[in-house]
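Features of the protein shown, as given by Swiss-Prot:
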- 5-167: domain 'EngA-type G 1' (DOMAIN)
- 11-18, 58-62, 119-122: GTP 1 binding site (BINDING)
- 174-349: domain 'EngA-type G 2' (DOMAIN)
- 180-187, 227-231, 292-295: GTP 2 binding site (BINDING)
- 349-429: domain 'KH-like' (DOMAIN)
Amino acid sequence: MLSYKKVLIVGRPNVGKSALFNRILDTKRSITESTYGVTRDLVEEVCKVDSFKFKLIDTGGFTILKDEISKIVVQKVLSSLEKVDLILLVLDINEILLEDYQIIERLRKYSSKVVLVLNKVDTKDKECLAHEFHNLGFKRYFLVSAAHCRGITKLRDFLKVEVGEVGIESGADIKVGIIGKPNSGKSTLINYLSGNEIAIVSDQPGTTRDFIKTKFTRNGKVFEVVDTAGIRRRARVNEIVEYYSVNRALKVIDMVDIVFLLIDVQEKLTSQDKKIAHYVTKKGKGIVIVFSKWDLVDESKGYFEALKSHVKFFFPILNFAPIFRISVHKRIGLDSLFKESFKLKDQLELKTSTPDLNKMLNLWIKDYHLNISHKIKYITQVSTNPVKFILFANKIKNFPNSYYNYLVNNLRKIGYKNIPILVELKEKIRDLK
């Protein structure tokens, strides 16, 4: 069973915690892996918002009563605070009582993961009361009415961004994420992949703000492809939909082996494309730059080569990445895209032994004259997919970046040609005798 991030709902009795719990769960949606306790215990549900999941935990009312049951309830709440990822503190916007202040004081040490939820905002007129709660010191807050379902969608969207987890099913040979701006051709490509020409294994459709996950077979290999909703340029950083669109794309990148960065050939490259490229490289994922809608281009001689040169200038960090042109409508370049995916996956899984690496390293060192104060000790590959090496030197301060690039270029020649190569520098402390 997957271990989901946990969201704890706390508050005194009668502030609407259970009503909020049920609204967030949204029983009209599919809820799985339920675990119920008795009334004095915590009530837990795995909540699914679109295709993202997290564990939602309802608690008994936090009270100053001294009876045995109340003390047990309070103790359970307090013991849970350390273990969860997010705390929803529910207050009644109409009144704040002594018990509320006691809870607030207990939560001070966890303030970084506390989100204030002001409930019973049943009418727009009550929204003006929110300013009375600003001095409580919690930066994030939501105005909701669990009874009338006001503000719930915004809260659910926030939760799936903040703590939502999504996992790709096992059993795929290659996992590919399709990333790009709206209208870059992602949906057309995914529809082609899931069409009659391909044997579909399974589909998982999402909404326009979610993603579509498709599993199919190609040349005897099982592909799993995730198509995200388009990444928009953020006009307003605080706008949750824009925050979510980028956050969702980053989560997809984390899940997959290879990213197809889809770019409409008629559009300009943007800073958002560059940010995604940096993140992919940082994570060591395979990446293919794909220019879509090639059938709409009046291609002159040398146009594609000029385009590739422009991309390498705009994306110097991706000078290793293959660049393709496709048209789903005209069936241009699709087979080549699949073949490239196989090649990249093989490179991501390549492992070179430490003895072989160091034999080559000795040859490389002879051809490059390092500053006498820097001496290379040895190199070892510590992981595949992502491919990562550790290079040990006598000191790493002011280590020449030119040698780092020289090393990476040589590693590309031994089989890691078109993937990100992560190299960590470590200082080798002289053995004491």
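A Cβ is built for glycine as well, from the same backbone N, Cα and C atoms used for every other residue.
Features recorded in Swiss-Prot, as mapped to the structure shown.
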| residue | record | DSSP class |
| --- | --- | --- |
| Gly11 | GTP 1 binding site | coil |
| Lys17 | GTP 1 binding site | helix |
| Thr59 | GTP 1 binding site | coil |
| Val121 | GTP 1 binding site | coil |
| Gly180 | GTP 2 binding site | strand |
| Lys186 | GTP 2 binding site | helix |
| Trp294 | GTP 2 binding site | helix |
Exercise. For the binding-site residues listed here (Asn14, Thr59, Asn183), which one has the lowest count of neighbouring CB atoms within 10 Å of its own CB?
Worked result: Asn14
Exercise. How big is the Cα-to-Cα gap, in Å, between Asn183 (GTP 2 binding site) and Gly11 (GTP 1 binding site)?
Worked result: 45
For this session: Provide the number of Cβ atoms within 10 Å of the Cβ of Lys17 (GTP 1 binding site), excluding the reference atom itself.
Result: 25
Exercise. Of all the binding-site residues given, Gly11, Gly180, which residue's CB has the most CB neighbours within 10 A?
Worked result: Gly180
Exercise. Trp294 (GTP 2 binding site): which of the binding-site residues Gly11, Lys17, Thr59 is the nearest Cα neighbour?
Worked result: Lys17
Seminar exercise, completed: Between the C-alpha atoms of Lys186 (GTP 2 binding site) and Lys17 (GTP 1 binding site), the distance in angstrom, to the nearest integer, is 41
Problem set entry | Separation of alpha carbons, Gly180 (GTP 2 binding site) and Lys17 (GTP 1 binding site) (Å) | 39
For this session: Could you round the CA separation between Gly180 (GTP 2 binding site) and Val121 (GTP 1 binding site) to a whole angstrom and send it over?
Result: 38
Problem set entry | Sequence-distant neighbours of Phe62 (GTP 1 binding site) in its chain (C-beta under 8 A, six or more apart) | Val10, Gly11, Arg12, Pro13, Val73, Val74, Val77, Glu99, Gln102, Ile103
Exercise. With DSSP, how much of the domain 'KH-like' (349-429) is helix, how much strand and how much coil, in residues?
Worked result: 26 helix, 20 strand, 35 coil
Exercise. The domain 'EngA-type G 1' (5-167): mean pLDDT?
Worked result: 82
